[in-house]
Amino acid sequence: MQVLPQTRVQGVPSGRNLSCSKAVGGTPLRALTRDVVRPARSVNVHVVADGESADDVLLRSSSVAVAEKPKVSGRAFRRSLKDTGRYVAKPINDKDSLDLMEEHGVGYSSVGLVAQMRANNNEWRFKDIRVKLASAYGYCWGVERAVQMAYEAKKKYPDRQIHLTNEIIHNPTVNERMTEMDINIIEQKENGSKDFSKVSRQDVVILPAFGASVQELSLLKDLEVQIVDTTCPWVSKVWTAVDNQARKAHTSVIHGKYSHEETIATASFAETYLIVRDIEEANYVCNYILNGGNKEEFLTKFKNAISKGFDPDRDLARVGLANQTTMLRDETMAIGKLLEKTMIQKHGPAAIKEHFMVMDTICDATQERQDAVYQLVGQQDNPAEKLDLILVVGGFNSSNTSHLQEIPELKNIPSFWVNEAACIDPVNKKITHRTAHGTMLDTQNWLPDGPVTIGVTSGASTPDRAVEEVLEAVFKTRDASFGGIAPNYDLGTAPVVRHEEH
């Protein structure tokens, strides 16, 4: 009879920039532990705490009482920043900054393993390991643009203090580089509000790729700082949709996660909003629209995801759809169709334009990466192309990466989401990884013996270097004498083909 090993389960609070090196190899995190018996592997569980409401975050978005939402529309207010002479919203494509990004491992690979895979039909072989890189992966244009603008700001303002209102993107390596360059995230006070007291008029403040709330923009304008706005244009497109909905007195139904920075910023551009996480919550809302229900139950269910004073009986008569750009495209589209169908049933086809607004705000880059993973997993019936497992590389707090991980999980393909090479322990044949829904696991002997085909993808905030280092850890797991992949400088003579701007 086989003896099942004991499994140690830990409940650990996760925080900003959680990484394998910090959660596993660094200072131990406080935890309550208990021993349970489970088959096959050692499991280390990190419990993710619930976030506070989007409205709470907006209410305490600064420590300055005057930072209230401007009376003009958010879109008009953002345009007004351009008239200050202290607002930059586009990169200048400085070559030195791009070169430094690659040197620091936060740009595109032009000579390393990923570049060599691109030149080899997105494949690589090491001994009996075959690696298949997704056709669309890693840095999207908006993320590269944000990091590039931060590097350009450091070059342009070398003697000025530079602040970030939040992580510039959801990747630990990139955020560590920001800190090394003395570009630091504005600290939070005990109550969670950002402490702008150390920001002075001569300073530079960088807004991250997922944007900032109207309240924060108003505060920064009043402080008369130099603003470098790296907000992804796709996120700005969502804000435009929400602003249009507000001007036409429609409630914005936002498909997203209420605690995500992008959704918090998007909500600040709305007059009235309701955030739904998935199709199940959207079905609940649509059932209420058609049949009514218990208002108190509704308000309790969505207490963290509604604007102040929200009344479902009043505010669901006219709605518009918006989305967090990193959500699953198919689910956003399904929610849109459900809302449209519901409003037609409620108000009739002739009145649909008065009661429902929709604008295509789905990010192409997010969809391309999801489609590429579907393509990877879509050949499991073909023995020559079947994947034995999938590696997903990206920050553990990255929403778009979680949805990439979700795809192989739904297909029952062994998949491991790691955020850096430190998650892989070649000596002990162990991998620390995360599930799409936030559980951290330690898996022993995760890499099968014999010939193995591995699919690889990475989140839109993940630089190529992170993928290269993860794959090198995989190869070292197979062969302890592995010494790395030599750069191919012949590839470096040609310009890097970057992901397309949409």
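Placement of Cβ uses the backbone N, Cα and C atoms for every residue, glycine included.
For reference, Swiss-Prot has these:
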type	residues	note
ACT_SITE	Glu262	active site, proton donor
BINDING	Cys140, Cys232, Cys363	[4Fe-4S] cluster binding site
BINDING	His170, His260, Thr325, Ser398, Ser399, Asn400, Ser461	(2E)-4-hydroxy-3-methylbut-2-enyl diphosphate binding site
TRANSIT	1-48	transit peptide
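Taking the features listed in Swiss-Prot, we show where each one sits on the structure.
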residue: Cys140; record: [4Fe-4S] cluster binding site; DSSP (3 states): coil
residue: His170; record: (2E)-4-hydroxy-3-methylbut-2-enyl diphosphate binding site; DSSP (3 states): coil
residue: His260; record: (2E)-4-hydroxy-3-methylbut-2-enyl diphosphate binding site; DSSP (3 states): coil
residue: Thr325; record: (2E)-4-hydroxy-3-methylbut-2-enyl diphosphate binding site; DSSP (3 states): coil
residue: Cys363; record: [4Fe-4S] cluster binding site; DSSP (3 states): coil
residue: Ser398; record: (2E)-4-hydroxy-3-methylbut-2-enyl diphosphate binding site; DSSP (3 states): coil
residue: Ser461; record: (2E)-4-hydroxy-3-methylbut-2-enyl diphosphate binding site; DSSP (3 states): coil
For Cys232 ([4Fe-4S] cluster binding site): DSSP state (helix, strand, coil): coil
When distances run from the Cα of Cys363 ([4Fe-4S] cluster binding site) to each of the binding-site residues His260, Ser399, Asn400, the nearest one: Asn400
Cα within 10 Å of the residue listed as 'active site, proton donor' - qualifying binding-site residues among Cys140, His170, Ser398, Asn400, Ser461: none
Residues near Cys232 ([4Fe-4S] cluster binding site) in space but at least six apart in sequence (CB under 8 A): Cys140, Gly142, Val143, Arg145, Ala146, Ala209, Phe210, Gly211, Thr325, Cys363
Which listed residue (His170, His260) has most other Cβ within 10 Å, given these are binding-site residues: His170
Most crowded position, judged by CB atoms within 10 A, among Thr325, Ser398, Ser461 as binding-site residues: Ser461
For Ser399 ((2E)-4-hydroxy-3-methylbut-2-enyl diphosphate binding site), nearby residues of its own chain (Cβ under 8 Å, 6 or more apart in sequence): His170, Lys257, His260, Glu262, Gln324, Thr326, Met327
Least buried by Cβ count (within 10 Å) of the binding-site residues Cys140, Cys363: Cys363
Where the record names His170, His260, Thr325, Ser398, Ser399, Asn400, Ser461 as binding (2E)-4-hydroxy-3-methylbut-2-enyl diphosphate, the maximum Cα to Cα distance in Å: 15
Residues that sit under 8 angstroms from Asn400 ((2E)-4-hydroxy-3-methylbut-2-enyl diphosphate binding site) by C-beta distance, when 6+ apart in the chain: Thr325, Thr326, Thr366, Arg369, Gly394, Gly459, Ala460, Ser461
